[in-house]
């Protein structure tokens, strides 16, 4: 049949632009961002690991956030760089679905790790006396495990839905990585069921995590407003500010890209949003959480001093 999966087991990724000059600028930019992402996130994981004072639930979640950002930047950026720098635009079916699988897994897990962080802030500010009991190591591990399990469920269902479709006419993906909607757009089968399933899954992942985050912050806000001293208010708010910035940027671009009918799928705008959350945000997170954060800054100083002492002793 013409609709055979195997007759040409490759997709072609169009990438972001045809212009050679823009391609060059983008690849330099993406390479820089990727290097910063790797350095920033590995740096964050190391500092949290090396500094005992950061061994708290909040930083435990932050370690996983850094790990996710590092991973999903690595799932997307190197392949995008290869596309922009060389004439190799093709990606095998297997490669494409693998990229999609890990991308969905990591993005969905990130939604729930951000929710766990919001819940952690909620307990810290609204129930400070019970915090050590409520946010026990066991509960932290449970929240992380559930986050990853939801990611695995989301990505497995998404890839399963897409792999049952037939691709016969065009194999050209109008995007710079293998994303759900651009692949759906290529299928010559009836995509209604696949699309509905994926939409419900993505929608419920985004909504569930957003509801958790919003309700946590509503409680946090009402608690902060009850604090009498302005320094107390400021201190409570500053522990949440970086998380709020991170959440706003991440969900803003995600919702813009995914929670709208596929008929309004416009290339330019969607690609800008996608570049933002797949390539730029993983770089921003360590900056958001370290620059706005006195604890991380002092941890860096402590780790440096510790190293100096060890070198002197040697």
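Every residue number used here counts from 1 along the chain in the order it is shown.
Cβ coordinates are placed from backbone N, Cα and C, and glycine is handled just like the others.
Whatever TrEMBL says is automated annotation, not expert-curated.
TrEMBL annotations:
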type	residues	note
DOMAIN	40-289	domain 'G-protein coupled receptors family 1 profile'
TRANSMEM	22-47	transmembrane segment
TRANSMEM	98-119	transmembrane segment
TRANSMEM	140-165	transmembrane segment
TRANSMEM	198-224	transmembrane segment
TRANSMEM	236-259	transmembrane segment
TRANSMEM	271-289	transmembrane segment
Distal contacts, the transmembrane segment (271-289) - CB-CB under 8 A, six or more residues away: 16, 30, 33-34, 36-37, 40-41, 43-44, 62, 65-66, 69-70, 72-73, 76-77, 80, 103, 107, 175-177, 179, 242-243, 245-246, 249-250, 253-254, 256-257, 296
Residue numbers, six or more beyond the limits of the transmembrane segment (98-119), whose CB comes under 8 Å of its CB atoms: 58, 61-62, 64-65, 68-69, 71-72, 75-76, 79, 91, 140, 143-144, 146-148, 150-152, 154-156, 158-159, 162, 177-180, 183, 205-206, 208-209, 212-213, 216-217, 243, 246-247, 250, 254, 277-278
Beyond the flanks of the transmembrane segment (236-259) by at least 6 residues, Cβ under 8 Å: 107, 110-111, 114, 117-118, 121, 124-125, 180-181, 202-203, 206, 210, 213, 217, 220, 223-224, 227, 270, 273-274, 276-277, 281, 284-285, 288-289, 292-293
